[in-house]
Amino acid sequence: MRGSRRLLVLSENPPSFTITVTSEAGENDETVQTTLKFTYSEKYPDEAPLYEIFSQENLEDNDVSDILKLLALQAEENLGMVMIFTLVTAVQEKLNEIVDQIKTRREEEKKQKEKEAEEAEKQLFHGTPVTIENFLSWKAKFDAELLEIKKKRMKEEEQAGKNKLSGKQLFETDHNLDTSDIQFLEDAGNNVEVDESLFQEMDDLELEDDEDDPDYNPADPESDLTD
């Protein structure tokens, strides 16, 4: 028989004792355990002994309830016979079943997590299959976002047009503009460089004074021509 049992006598009159039943080792050497308390009645074994779950470890509430139902069924079936060994053996088998169930449940949870991780990876690399429903949903969202962008852009352009000043508005806004041209010309005049040597060369030129020519006749255009 898989598992173990340990008996502890509490009293001799009336006979009362506990038996600790431990399952086989499950996953990660984890076990489930219960301590059953039995007390003989005066008419035992013609009537069932008193029993209860004295303590338990790693059992769910529904497991405890199942064990109590199992004890009641086995006691009824074995009336008239010494039954403690039978009752304890039934509980021992039940605990081993519970361990197997825990192991199976955890394996299923592990497989489910692995399946979910695999599906998530597929979604990551392959994306969501396109259907009419999710495409229309995506398109409606895309169109709404595009419309918001257009509205924002039109609002920005409208605001930019309002903020653009005409030449007159700029002139009225900046009083320095009315003297800007004058200042520009003054600055430019101050920066003009004159080459005085040009005037010196002009003084050196030998120009004939027509009035000093004795043959010059202003009324006769040909008078200055020489034969």
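Using N, Cα and C of the backbone, Cβ positions are placed for all residues, glycine too.
Given the ranges 136-181, 182-227, the record in TrEMBL names 182-227 as region 'Disordered'. Broken down with DSSP, the domain 'RWD' (1-98) shows 35 helix, 32 strand, 31 coil.
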